[in-house]
Amino acid sequence: MENEEWKVSVWICQEEKLVSGLTRRTTCADVVRVLLADHNEKQAEEGSMLMGEEGSMLLGPPQCYCIVEKWRGFERILPNKTKILRLWTAWGEEQDNVKFVLVRSEASLPNIGPRSAEAKVVLSKESPCHQRTLSKTSTGPTQDKQRRVVRKAFRKLAKINRKRHETLPKESSSVEKMETLVHLVLSQDHTIRQQVQRIMELDREIERFEARTHFDRMKMHGVNYVQETYLVGTVSEKGSASDSNPPSDQSSQEELFADYAQKCDEVLLLQEQISRQEEAMEQMTVQIQEELNKRWMERRQEELSSKEQESSLSDSGADQGGDESQLLLEQEQVKTELSASLYIGLRLNTDLEAIKADLDYTQKMWDDKEQELQSLLHSLNDLETSGCQDLAEISCEDTSLGVTTTGSPTDSWVEKDLGRPTNCEANDEDSDTGLSSMHSQDSDSGPVCESLV
């Protein structure tokens, strides 16, 4: 136990006394005996002659006295066998409102109820022996009632303490639940943000993979591999044409495709740079606006201060050329405003020139890349037309061999020579018009047959 639990204050003759050294077995009778002995010793040591009023209060054996418990206007008599330390600890937080008073048993009220004043000692005029007999006869039947009251009070105090201990865990549990909910919401928010970021990263990876596979298929099957896969009738012809293409054309096409992919990447980088430049321009405009607002506020404050100075100067020196001083102040104010506006204008002009230079540079780079892309596209179209010409020549050779089996070899070579310029002219026309490879093949087949006939 703590030191506070070992001490109990008891009021005796309107004087508070602390009774220390209490144990669990200490009863109210023990406390009464100790208080009477201490009081009588003090009275004997002082040797006072005024024993009539105060000294007569504590005359008699300890059985004639009892301890009354008072709490918020209520009081009750504690039996002699009551464990005072247990009762004191059972009060708990209400110990500040509890007070123990030592009185004579005859002076205390037998019933328990609210009292406005403290118990006063009433001196009896009869003999002490008669008082003892009366006290024995009067207190005999009320001891059981007092015990029941004390037990009931202990039960009530136990219930109060139990309820208090139950409410505290409930409050703590509700607070813990709220904290767990808050932590759960925060963790879910964090996981959702991570999942959104991961989804964006996966989308970018998917786009890159699709672009890579597209370029790989273009390298392997050609630019029009989609048309070749869906046009079933020309699949065999395309396969034979791809087998007849020389390896040099394939290598050149692969190089062109690689250049094309590189240029596309550079274009994307340029677009990113342009977006960054636009963001920088927006930031610069915001900074310029803030600077203008700041300068305007400073100028406004200067104007207000100058007006105050002018008013003070006009009040002090109204008789000594007030008009001239006002003119001078206005001139200085105009000069400061002009210098500030000039500085701001120069600053804005330099910033705008720098931004224009950056924009011109990016536009120039964009035009160069676009020209390179156009040239690459033209070269790809030329390669397609040349491949179609090779296919047409191979088909012409096959047909000439099949038709002129009875003729001489010189005639077949002559027919081939006659058929070649017509094919070149037709291919030139198709390349000039910019038609696709499929249309160029259709246009090549007609003149070859006419020359053979």
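In case you wondered, yes, glycine gets a Cβ from its N, Cα and C as well.
The feature domain 'Ras-associating' is assigned by Swiss-Prot to 1-107, with sequence analysis given as support. What Swiss-Prot records for 262-295 is coiled coil, and it gives sequence analysis as the kind of evidence. According to Swiss-Prot, the feature compositional bias 'Basic and acidic residues' maps to 299-310. Taken from Swiss-Prot, the feature region 'Disordered' applies to 299-322, 402-453. Taken from Swiss-Prot, the feature compositional bias 'Polar residues' covers 402-411, 433-444.
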Mean of the pLDDT scores, which run from 0 to 100, over the domain 'Ras-associating' (1-107): 80
Secondary structure content, the domain 'Ras-associating' (1-107) (per DSSP, counts of residues): 44 helix, 29 strand, 34 coil
Same-chain residues at least 6 beyond the ends of the compositional bias 'Basic and acidic residues' (299-310) whose Cβ lies under 8 Å from its Cβ atoms: 325-326, 329, 333, 336-337, 340
For the compositional bias 'Basic and acidic residues' (299-310), residues assigned helix / strand / coil by DSSP: 12 helix, 0 strand, 0 coil
